[in-house]
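Below is one structure, written out as structure tokens; comments come after it.
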Amino acid sequence: MGFLVMIREVSMAKAIRVVLLCVSVLWVVPKECACRSNFSRNSSSSSSSSLRPLRQRPSSVNVGALFTYDSFIGRAAKPAVKAAMDDVNADQSVLKGIKLNIIFQDSNCSGFIGTMGALQLMENKVVAAIGPQSSGIAHMISYVANELHVPLLSFGATDPTLSSLQFPYFLRTTQNDYFQMHAIADFLSYSGWRQVIAIFVDDECGRNGISVLGDVLAKKRSRISYKAAITPGADSSSIRDLLVSVNLMESRVFVVHVNPDSGLNVFSVAKSLGMMASGYVWIATDWLPTAMDSMEHVDSDTMDLLQGVVAFRHYTIESSVKRQFMARWKNLRPNDGFNSYAMYAYDSVWLVARALDVFFRENNNITFSNDPNLHKTNGSTIQLSALSVFNEGEKFMKIILGMNHTGVTGPIQFDSDRNRVNPAYEVLNLEGTAPRTVGYWSNHSGLSVVHPETLYSRPPNTSTANQRLKGIIYPGEVTKPPRGWVFPNNGKPLRIGVPNRVSYTDYVSKDKNPPGVRGYCIDVFEAAIELLPYPVPRTYILYGDGKRNPSYDNLVNEVVADNFDVAVGDITIVTNRTRYVDFTQPFIESGLVVVAPVKEAKSSPWSFLKPFTIEMWAVTGGFFLFVGAMVWILEHRFNQEFRGPPRRQLITIFWFSFSTMFFSHRENTVSSLGRFVLIIWLFVVLIINSSYTASLTSILTIRQLTSRIEGIDSLVTSNEPIGVQDGTFARNYLINELNILPSRIVPLKDEEQYLSALQRGPNAGGVAAIVDELPYIEVLLTNSNCKFRTVGQEFTRTGWGFAFQRDSPLAVDMSTAILQLSEEGELEKIHRKWLNYKHECSMQISNSEDSQLSLKSFWGLFLICGITCFMALTVFFWRVFWQYQRLLPESADEERAGEVSEPSRSGRGSRAPSFKELIKVVDKREAEIKEILKQKSSKKLKSTQSAAGTSQSQHGEIT
């Protein structure tokens with residue numbers, strides 16, 4: 001007897017027992033081990049089938065189909081499945097004489113009825129089941145498929161938690177919502193929206209899909225600010241209450257993930273609430289294109305509801321097979337539209353048929369056996385013995401997973417996670433009278449304006465810079481992406497935490513007048529708030545007891561704990577705080593400096609040496625001697641003042657060199673080269689003298705202050721107490737970053753304690769120095785009568801900002817407003833209003849060593865002078881060698897005469913007179929050289945004339 005007949009025969013009490021026992025059968029988790037062992041036994045027995053003789057094929061094979069007939073998906077799936085069955089049976093190349101028989105069951109949108117329908121299908125010994133369309137029903141009947149080893153191919157269950165590990169016989173032939181949520185996250189990131197509100201149906205598909213979206217957004221530093229769940233089958237009143245509540249929140253970006261049969265009601269209610277106007281962003285998952293595609297014609301009223309909505313639709317590759325199927329659809333369902341789930345259902349049937357064809361060609365047979373687990377339910381009135389295990393189910397499932405062919409939806413192939421390969425979505429913008437394609441998404445290339453299949457041949461590239469979409473028109477006919485958020489209209493003001501300071505109250509402090517606080521930081525915040533394009537109701541809340549400065553780290557933690565929406569004050573932007581809150585653009589520069597007592601430096605008898613560094617003195621002195629030697633070489637042959645005994649010439653070189661320092665040299669330069677070198681050198685001396693005079697004047701006239709502490713390095717190594725301000729980050733920085741012992745750090749309450757601790761010093765219970773931020777020190781030094789100064793350099797660089805909760809959009813708008821205040825000069829005006837301090841003395845000690853003139857300031861002058869000397873020396877020696885060459889014949893005759901008188905002289909000795917002659921030529925006066933050359937030329941002329949006369953006389957005698 002059939003299953004339904006059995007239910008009709010029992011009484012009402014027995015019917016209740018039937019339901020309970022059915023559910024117990026479905027959720028038999030403890031029986032999993034037995035199922036596994038039975039699975040292995042059946043698979044091992046079937047593995048030997050290849051060794052057996054060829055089996056006779058059955059005349060027909062039963063396949064189940066389970067979905068809701070009266071639904072957008074079901075109305076498209078049923079004719080598609082029937083058409084696929086007819087096509088398979090008509091195709092002689094597939095199954096070859098075996099009739100494919102599909103048994104239909106209506107789940108009627110009910111998990112219970114769907115489960116009953118699945119059990120009825122199993123009674124008919126089906127080898128596979130196609131469906132269901134609902135993820136919730138798929139979860140339930142997957143347990144049945146696991147127990148009976150029947151592959152379950154769903155063309156509509158997109159829930160990403162339907163895992164192959166939990167349900168090894170479940171296979172999704174459509175796209176996984178895991179990829180759709182990645183596509184939506186990429187679109188949100190592309191548009192710059194960091195907070196969204198998710199509106200979803202409260203079932204497995206809705207909850208789990210939105211959960212995946214939240215995880216993906218978290219990786220992109222975005223988040224779902226609120227999850228608004230809709231009860232399945234909710235009426236308009238419930239939806240209205242939900243939308244009214246989310247409309248009071250700050251986010252204006254809504255992701256709608258509901259069922260296609262009731263989803264349009266969400267937009268109808270939103271339209272009536274004015275939530276489809278400019279400033280709103282609506283993003284719908286594939287349910288909306290499914291609903292619209294299922295309509296033969298989308299009427300104008302429906303399109304009016306959806307103006308500006310962005311939707312994602314399953315992308316299927318355009319092909320001739322797809323076009324033929326779409327043309328055929330008009331004959332199958334002339335009054336209904338065509339959606340993607342019809343194609344997935346059609347391909348699912350063909351997938352089963354092709355897998356069966358491979359199954360039979362491998363000489364496998366279809367056999368069923370009783371499940372021993374079902375016989376343990378003694379006393380049950382349900383005929384569970386009618387349910388049989390498909391013995392070859394595991395092998396058949398492996399064949400299905402290994403299939404690789406092309407269907408109506410494109411290539412049908414599965415990856416290691418049993419998902420369709422190359423998932424892709426079409427991005428639609430609903431505007432005007434029909435949806436418009438603005439781009440595509442795939443896990444291979446992200447957002448793109450070209451078809452995904454054209455990019456598969458290229459390397460994967462999902463970088464942010466590679467993302468592209470066409471222009472989108474948002475609700476209200478807005479072409480620019482909306483900001484995506486507004487200040488929440490829930491009647492709650494912005495909670496602003498303000499430190500209740502007791503020191504440096506010009507920055508921030510308590511005030512008796514509204515709004516209860518005052519100071520530089522408050523004025524900056526108020527000025528920035530006024531620049532925002534929307535009103536921000538706010539209330540200031542003091543933090544601290546008013547006796548000591550509060551801990552700023554604790555104040556930031558209050559923002560993290562949602563006790564404050566923002567912390568406003570002199571809050572330093574440091575790395576540790578940025579991990580938990582979002583800071584605005586800094587509105588004032590800051591950094592840690594060291595303040596120490598100073599005293600006037602004693603005058604030194606060697607102060608005249610301080611203008612130059614040691615290297616500068618050495619190079620300058622060397623150049624004085626070098627230039628003096630160069631001038632002596634160039635003038636020695638021309639100028640009598642540079643000639644004489646060696647002692648006199650050496651004195652002349654030193655005297656001339658250093659007398660040029662004061663431009664008082666009495667020796668005149670005669671040669672052109674000497675004058676050229678001297679002019680360049682006097683210019684260098686002029687620059688050096690002027691710089692020396694200016695530097696020495698500064699050193700002797702400006703008050704010189706000294707301190708035992710020279711900067712943060714000497715302070716760290718001194719082992720003396722260090723003062724810090726209560727509540728600031730300076731203490732943690734010194735301990736954690738500079739490894740200073742906590743016992744050395746002395747917290748100070750206010751300016752009076754600062755000055756008192758510095759005056760007493762470390763030996764009298766005070767401190768050696770204070771480490772604090774520069775803005776505070778500027779105020780402190782105005783009241784110190786120049787007794788204290790900053791020493792060393794600022795050793796951190798940071799600023800003050802306002803601390804907002806993580807991912808708060810208000811932080812971005814406030815940063816923009818602060819930049820605008822800076823560009824317009826308003827920040828400077830506020831600074832002058834509160835912090836216009838005039839310092840009678842310099843804040844920092846001027847170190848004489850830092851003001852010394854070094855060689856790097858003058859090396860260019862010395863280089864020019866050196867090049868000039870080298871050029872002059874080159875020209876000089878070239879002239880000397882030229883003159884020597886002209887005197888060379890006379891010297892050669894004398895050398896040969898010497899060789900006759902001293903035949904035993906060596907080769908080295910024979911070359912010596914030439915060098916001596918060269919030295920003699922260099923040492924001779926220029927006038928003497930010219931006279932010798934003149935005489936030599938005259939002798940040569942006379943000898944030429946004598947030779948000519950002798951030649952003429954000889955010619956006469958011959959004649």
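Cβ atoms here come from the backbone N, Cα and C positions, even for glycine.
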In Swiss-Prot, which of the ranges 140-160, 308-328, 644-664 has the transmembrane segment annotation?
644-664
Under Swiss-Prot, which of the candidate ranges 340-360, 676-696 is annotated transmembrane segment?
676-696
Between N443 (N-linked glycosylation site) and N576 (N-linked glycosylation site), how many Å separate their Cα atoms?
35
Ten-angstrom check, please: count other Cβ atoms within 10 Å of the Cβ of N443 (N-linked glycosylation site), all chains counted.
19
May I ask for the distance between N108 (N-linked glycosylation site) and N404 (N-linked glycosylation site), taken between their Cα atoms and rounded to an integer number of Å?
33
Quick check: in three-state DSSP terms, what is N461 (N-linked glycosylation site)?
coil
Round to the nearest Å and give the CA-to-CA distance linking N461 (N-linked glycosylation site) with N576 (N-linked glycosylation site).
34
List the Cα distance (Å, whole number) between N404 (N-linked glycosylation site) and N365 (N-linked glycosylation site).
22
Same chain only, sequence gap of 6 or more: which residues have a CB within under 8 Å of the CB of N576 (N-linked glycosylation site)?
D553, N732
How does the model score the topological domain 'Extracellular' (36-613) in terms of mean pLDDT?
90
Least buried by Cβ count (within 10 Å) of the glycosylation sites N365, N404, N461:
N404
